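Copied over from TrEMBL, here are the features:
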- Asp66: active site, proton acceptor (ACT_SITE)
- Asp135: active site, for ring-opening step (ACT_SITE)
- His137: active site, proton acceptor (ACT_SITE)
- Glu142: active site, for ring-opening step (ACT_SITE)
- 8-226: domain 'Glucosamine/galactosamine-6-phosphate isomerase' (DOMAIN)
- Ser145: site 'Part of the allosteric site' (SITE)
- Arg152: site 'Part of the allosteric site' (SITE)
- Lys154: site 'Part of the allosteric site' (SITE)
- Thr155: site 'Part of the allosteric site' (SITE)
Amino acid sequence: MEVVIAPAEELAVLAADAIETLLRRDPATVLGLATGSSPLKVYDELARRHEQDGLSFDRATGFMLDEYVGLTEDHPQRYRNVIETEIASRVAWPADRVHGPDGLADDLPAACAAYEAAIAQAGGVDLQILGIGTDGHIAFNEPGSSLASRTRIKTLTRQTRLDNARFFDDDVDQVPSHCLTQGLGTIMDARHLVLLATGRHKAEAVHQLVEGPISAMWPATVMQMHPHATVLVDDAAASRLQLGDYYRQTFESKPGWQGL
Ligand code: F6R
């Protein structure tokens, strides 16, 4: 696991560099997309590169991590719509190449199975962007999630619903209580995991993710088992890391050509 501690703008550039490298090498790259605040600067940077440098998403495929259950098709917080607004529309990504679990399906387990099949059919995810919840969730794999889980329906914790109430007029009751989410096993199949976290409120979750024992109580800790996982954090999110100085020295002495 590589840990990079830098200001948020630099983290976004590093993540965008990794994505651009893949897209330039193989325009049919498969990208895993997160919603929430953490990836927004990365999406801004990709949109800038699309506009100014012609970075193309025409042949790329996107798979979202998760989706709320029951939000109407036109709800602005439906993750499919959030992804459309925050990244897909800004990089002219063909709509039929960006996929998410169907939170409006009559048969939710069948929708989850179909989603797993679609990811497999696409050849798996090359690079998965991730954020982390204050309770250590990735995607919506809340504490107690099986470390081998696949896409399925989950109940959001009260903490996650409170954290996300800011997107719902600060009204926790408007935040759905259920979601469909890629499982930890699904996420672990991606070839490169890139997690972004900023702010002091993420410091404990980041400490557990990087330095804690692997445990379903902190689901992100499963990433310690991934052969290519990158954790991009600002000073505040890194503030509880025991080996912070070591991670800083390691990144400073890394040759620039190496990438993430
Ligand atoms: C969203 C997702 C979640 C968020 C996490 C952090 O698709 O999968 O795991 O990444 O809740 O949210 P933010 O980035 O808003 O702090």
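Including glycine, each Cβ sits where the backbone N, Cα and C put it.
Not one of the recorded positions listed as Asp135, Glu142, Ser145, Arg152, Lys154 brings a Cβ under 6 Å of any atom of ligand 1. Looking at Glu142 (active site, for ring-opening step) and Lys154 (site 'Part of the allosteric site'), their Cα atoms lie 8 Å from each other. In this structure, the CA atom of Asp66 (active site, proton acceptor) is 10 Å away from the CA atom of Arg152 (site 'Part of the allosteric site'). Across the structure, Lys154 (site 'Part of the allosteric site') and Ser145 (site 'Part of the allosteric site') are spaced 9 Å apart at their Cα atoms.
His137 (active site, proton acceptor) sits 9 Å from Ser145 (site 'Part of the allosteric site'), counting Cα to Cα.
Confidence over the domain 'Glucosamine/galactosamine-6-phosphate isomerase' (8-226), given as mean pLDDT on the 0 to 100 scale, stands at 98. Listed in sequence order, the residues of the same chain lying 6 or more apart from Thr155 (site 'Part of the allosteric site') and placing their CB within less than 8 Å of its CB are Glu142, Ser177, His178. A distance of 11 Å separates the Cα atom of Arg152 (site 'Part of the allosteric site') from that of Ser145 (site 'Part of the allosteric site'). Taking the Cα atom of each, Asp135 (active site, for ring-opening step) and Ser145 (site 'Part of the allosteric site') are about 12 angstrom apart.
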